[in-house]
Each structure stands twice: as C-alpha cells, then as structure tokens.
Amino acid sequence: MTPLIFVTGGVVSSLGKGIAAASLASILEARGLKVTMMKLDPYINVDPGTMSPFQHGEVYVTDDGAETDLDLGHYERYVRTRLSRKNSVTTGRIYENVIRKERRGDYLGATVQVIPHITDEIRRCIDEATAGFDVALIEIGGTVGDIESLPFLEAIRQVRTERGAEKAMFMHLTLVPYIAAAGELKTKPTQHSVKELRSIGIQPDVLLCRSEQAVPDSERRKIALFTNVSERAVISCPDIDVLYGMPLELRRQGLDELVIDQFKLRDKVATADLSEWEAVVDAVKHPLDEVTIAVVGKYVDHQDAYKSVAEALKHGGLRQRTKVNLTWLEAQDLEGSDMAALQGIDGILVPGGFGDRGFEGKVQTSKYAREHKVPYFGICYGMQAAVVDYARHVADLDAANSTENDRQSPHPVIGLITEWRTATGEVEKRDEKSDLGGTMRLGLQEQRLKPGTLAREVYGKDVVAERHRHRYEFNNRYRTQLEDAGLVISGKSMDDTLVEMVELPRDTHPWFLACQAHPEFLSTPRDGHPLFIGFVRAAREKKAGGKLLKEARA
C-alpha cells in the first residue's frame with residue numbers, strides 16, 4: 001500500500017501548493033524513491049479542456065492525451081515520472097463516474113449519496129493513480145473552507161483513519177502575512193486555517209508557512225503550540241529568487257526527513273543528491289549571456305495561459321547560461337500596426353490559441369519575422385499562422401486562411417482534421433458537430449523528420465515524439481504548391497498523412513521553424529528541450545551579429 005502525502009492549502013489560494021509538493025517530491029526522488037503526484041480539483045468541469053485560459057491558465061497535456069490542470073506541468077518539471085489522466089481528477093469526473101455506475105445499476109438500487117459513494121470514488125481514483133509507487137503526493141485544489149472541497153477532504157480523512165499515520169500524512173500550506181504597519185508576521189490566519197481543518201477531522205502533520213520573509217523560530221514555536229504540530233514540522237517557506245531552488249530550501253529544513261521518519265522508509269532511501277538542482281540555480285543566478293524574446297499571443301494578460309511556454313524558454317536559456325527576458329505582446333494589438341513593438345527583439349515565439357481574435361496579428365508577426373530575418377518559433381496556432389502568411393505573401397494564394405476563421409476562404413491551407421490515427425493505432429474521427437471537450441488530436445504522437453532540415457539538426461534524430469492538442473491541421477491539398485514555393489515540410493506523422501513541422505530554408509532565413517505539436521510540455525529545467533535550446537541559441541546569434549563563440553555554447 002503506497003504511503004500518501006495529502007497537500008492542502010489554507011487562508012488564500014495561489015500560495016504555491018503545487019510547487020511545494022513538487023519540490024518535496026523531487027527530494028524524495030533524489031533519495032532513490034519511486035514517486036508520483038496527483039491533483040484533485042474541486043471544480044465541476046470534467047477537465048480543463050473547455051475552460052477559458054483567462055480563468056484557468058493553460059491546459060497541460062499528458063502523454064496519453066489528458067487535458068489537465070497546469071499544476072501537472074509543475075509536477076513533471078520537478079520529477080522524472082511521466083503522468084497520465086489518472087493523475088488529474090476533478091469533481092466533474094468523479095460525479096460523471098458515479099452517475100455512470102448508477103445508470104448501469106452497479107449500486108444495486110441504493111440511494112446514491114456523497115458519503116459513501118462520492119468519497120469511495122475519490123478513494124478509488126487515488127488508489128488507481130498511486131499503486132506501485134514508494135510515495136505519492138496528492139494535492140487538493142482550492143482552500144480549506146471552500147464548500148467544493150469538502151468531499152475530497154472527507155475522503156482523505158477516511159484514508160488516514162483506515163491506514164494510520166505510517167501510510168498517510170497531512171501537509172498543510174498556509175499564509176503567514178507580514179503586516180508592514182506593525183512590522184511583524186501574523187500567525188492568527190494560520191491558527192484559524194488549522195482550526196478549520198481540525199473541525200472536519202484532519203490534524204496536519206506538517207505546516208508549510210508561506211511568507212514574504214523567513215518565519216523566525218519564535219513564531220514557529222507559537223504556531224506549533226497553537227496548532228498541535230511539532231515545532232520541527234513547522235517549515236518556513238519564504239519568497240525566494242529562484243523557484244527551482246525550493247527543493248534545496250526544503251531539504252535544508254529537513255522536510256524529507258519528516259516524511260521518511262513518519263513512513264518508516266529509512267532502509268529504502270539514500271543520501272539526497274540535489275546537484276542537478278544546484279546547477280539549475282547557479283545557471284539562473286550567474287548567466288553569461290542575455291536575450292529578449294517576444295511572445296505574441298492571445299491570452300498574454302493572464303501569463304499562466306502560457307506557463308509551460310515561459311518555463312521552456314527559460315529552460316532553453318539555462319542550458320547555455322543565458323537569461324531569457326520575455327516581452328509579452330497581444331496579437332490583436334499588432335493588427336494593422338507598423339510592428340514597431342518587435343524592433344530590437346532577438347527572437348519571436350508565437351504560441352497556441354483558438355479562434356479568429358488576434359489571428360491576423362499572428363500572421364503579421366510571422367511575416368515580420370520572415371522578412372526581417374528574426375528567429376521565429378511557431379507552436380500550434382503559431383505554425384498555422386506561419387503557413388497562412390507564406391501562402392498569402394509568397395505562394396500568391398490570395399485570401400488563404402484557416403477554416404477555423406473563414407470557412408469561405410478560396411484557399412483553406414489549414415483545415416479541420418476529420419480522421420487520424422492515435423499513438424495506439426486506433427482511428428479517431430471528428431466532424432464540425434463534435435463536442436468541443438476531449439475531441440481534439442491529443443497526446444504523444446511520433447513524427448519523422450526530413451534529413452538535412454533544421455528540425456533534424458536540432459533534434460539530432462530521425463523520429464521524435466511530441467504532445468499535441470489541436471483540431472485543425474495543414475491542408476494536404478496544398479503541400480505540393482507550398483513546397484514548390486519554397487516552404488520546407490520538415491516533419492510528418494509516421495503514416496505521412498499529417499504535416500507536423502514546417503521551416504524556411506537556411507539560405508533564406510537563419511532560424512524559422514514552426515511545429516503543430518506543443519514541445520513546451522516536455523521541457524524541464526534539468527534537461528531543457530532541443531527546440532527551445534536551438535531557438536534561444538539562434539536568438540543569441542542574432543544578438544551577436546551572427547557570430548557566436550563556440551565556447552559560449554551550452
């Protein structure tokens with residue numbers, strides 16, 4: 001039976017439960033344990049796939065095509081375990097499962113209730129996702145006191161009651177605000193948050209105290225006294241300059257030792273080797289170069305909408321000790337402009353998106369990068385914008401467009417995918433009447449790269465696999481016409497039916513590459529990703545006037 005660490009939050013949301021949990025997981029992994037993570041979200045949506053990026057941030061996609069909370073992105077950036085749809089569960093999915101069972105008659109005529117049926121389903125999902133691991137960390141979304149979270153909290157209370165402290169730990173993240181007028185930290189919100197937890201039968205084993213500054217020992221003792229938590233288990237989590245340094249900070253305070261002692265794992269663990277995280281922090285703090293990248297998107301007012309893109313760009317810089325400064329530009333604002341906002345930029349990235357708002361701004365951005373020889377990296381919608389730009393302005397296909405935005409376009413160079421083969425070999429079919437939720441081409445898909453192309457050079461191999469999330473695709477009827485006009489199709493699906501990557505010849509542009517996949521989902525701070533590393537290097541070369549010293553490379 002896998003030992004479980006349940007991570008809850010109190011006082012306010014957005015304190016960083018996901019980062020804290022992932023940091024602890026990375027330490028346990030560094031000590032030789034097989035670790036997994038899970039997110040329980042209290043919203044009633046079945047998954048975040050149809051939620052607005054302005055409300056929820058990005059939708060993170062796993063290998064098996066699950067559309068999940070962005071916290072799973074944090075998890076995979078900190079631990080080596082690849083997650084799946086089992087690791088992201090919402091209230092909507094729980095109720096959907098229970099109602100389906102009720103309709104089948106699985107409950108044999110019983111009155112279906114929150115307790116035991118909903119809580120039993122939550123526990124079943126937890127068991128399914130965590131089986132076979134040495135330790136599992138499970139984050140409960142929201143804040144203690146929210147009515148939506150109650151079934152999840154009741155379920156984990158039951159788990160602790162049945163399994164005991166050696167198999168279930170409660171870790172509570174709470175706010176210790178600093179009141180500038182008084183010049184002191186206030187522990188009362190934390191006391192009340194723990195009181196709220198205890199009122200529903202949960203006594204925290206560990207408190208993570210988030211604050212602007214380190215919580216002094218005197219305040220830690222006070223918190224321990226009022227919350228019935230060991231002083232050793234009251235951990236200070238102050239703001240830090242480099243988030244990827246959180247594993248080092250938690251290790252310094254012995255959080256992993258608390259877990260190992262409570263779960264009696266001493267004979268299974270080794271000494272923690274956090275040298276990779278030390279190297280990451282050192283690269284962030286001591287860069288040797290600096291570039292400015294413009295991200296031209298549709299949801300830039302909510303930067304969590306592009307969380308993985310922003311992190312992947314930073315990772316690309318880390319691998320070559322380069323600080324990446326991001327300039328966020330709203331695509332719609334560039335429509336009809338003189339593109340002055342892009343002057344002095346070392347590289348341009350156009351990320352994914354949906355709908356016609358801002359699409360013309362993305363097309364103009366691609367045109368600007370192509371004509372001014374600025375390194376360009378298009379992702380998903382960014383690739384489609386690049387194809388439309390090339391079709392209109394190079395291949396002379398007037399009014400070329402995507403059918404997502406103009407169904408009457410005389411040259412629909414981007415169209416709806418109606419049929420494709422999944423990674424498991426199954427054939428998926430869609431039409432314009434299909435539901436929006438869960439109907440895209442999703443998950444890890446292999447593609448073959450064309451020899452001699454930039455894509456092949458950057459990846460260093462012939463076949464690669466990337467995660468996808470798209471409903472529209474390069475229209476195959478225009479392959480020959482656009483290739484004859486000079487566009488290079490550098491990546492195709494393994495069955496040759498879908499265009500995966502396009503680029504410009506190296507003799508016409510130093511670095512112009514666009515992909516239908518979302519490579520940002522496979523980038524990590526310790527390893528980076530070939531496309532982002534190559535893109536940042538191209539930006540460095542542009543800044544250096546095309547001459548980059550070999551010894552300055554990663």
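Glycine too: its Cβ is placed from the backbone N, Cα and C atoms.
Quick caveat, the model's predicted, so the values are computed rather than measured.
If you look up Swiss-Prot, you'll see 1-265 marked as region 'Amidoligase domain', on the strength of sequence analysis. Averaged across the region 'Amidoligase domain' (1-265), pLDDT for the predicted model comes to 94.
Feature annotation from Swiss-Prot assigns CTP binding site to SER13, ASP146, ILE147, GLU148, LYS186, THR187, LYS188, PRO189, THR190, GLN191, LYS222. Residue density at THR190 (CTP binding site): 28 other Cβ atoms are found within 10 A of its Cβ, drawing on all protein chains shown.
For SER13 (CTP binding site), the same-chain residues lying six or more positions away in sequence with a CB closer than 8 A to its CB are GLY142, THR143. Positions annotated as UTP binding site by Swiss-Prot, on the basis of sequence analysis: SER13, LYS186, THR187, LYS188, PRO189, THR190, GLN191, LYS222.
Mapped onto three states, the DSSP output places SER14 (ATP binding site) in coil. Among the features that Swiss-Prot reports, ATP binding site is placed at SER14, LEU15, GLY16, LYS17, GLY18, ILE19, ASP71, with the record citing sequence analysis.
GLU139 (Mg(2+) binding site) carries a strand DSSP state (E or B). Among the features that Swiss-Prot reports, Mg(2+) binding site is placed at ASP71, GLU139.
Under the heading domain 'Glutamine amidotransferase type-1', Swiss-Prot lists 292-545.
The L-glutamine binding site annotation in Swiss-Prot covers GLY353, TYR381, GLY382, MET383, GLN384, GLU404, ARG471, and the record cites sequence analysis as its basis. In the three-state DSSP classification, ARG471 (L-glutamine binding site) falls within coil.
Swiss-Prot lists CYS380 with the feature active site, nucleophile. Around CYS380 (active site, nucleophile), the same-chain residues at least 6 positions away in sequence with a Cβ under 8 Å from its Cβ are PRO351, GLY352, GLY353, ARG469, HIS470, CYS515, GLN516, ALA517, HIS518. According to DSSP, CYS380 (active site, nucleophile) is assigned to coil rather than to any helix or strand.
In the three-state DSSP reading, HIS518 (active site) counts as coil. HIS518 (active site): 23 other CB atoms within 10 A of its CB, across all protein chains. Taken from Swiss-Prot, the feature active site covers HIS518 (among others).
Summarising the annotation, Swiss-Prot assigns active site to GLU520 (among others). Sequence-distant neighbours of GLU520 (active site) (same chain, 6+ apart, CB under 8 A from its CB) are SER308, VAL309, GLU311, ALA312, PRO351, ILE379, HIS529, PHE532.
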Beyond the site residues SER14, LEU15, GLY16, LYS17, GLY18, ILE19, ASP71: chain residues whose C-beta lies within 8 Å of the centroid, for ATP: GLY9, ALA20, ALA21, HIS74, GLU139, LEU173
For THR187 (UTP binding site): DSSP state (helix, strand, coil): coil
Cα distance (Å, whole number) from ASP71 (ATP binding site) to TYR381 (L-glutamine binding site): 23
Helix, strand or coil at GLY353 (L-glutamine binding site) [DSSP, three-state]: coil
Of ILE19, MET383 (the binding-site residues), the residue whose Cβ has the fewest other Cβ atoms within 10 Å: ILE19
Candidates ASP71, GLU404: member of the binding-site residues with the richest Cβ shell (10 Å): ASP71
GLU404 (L-glutamine binding site) - helix vs strand vs coil (DSSP): coil
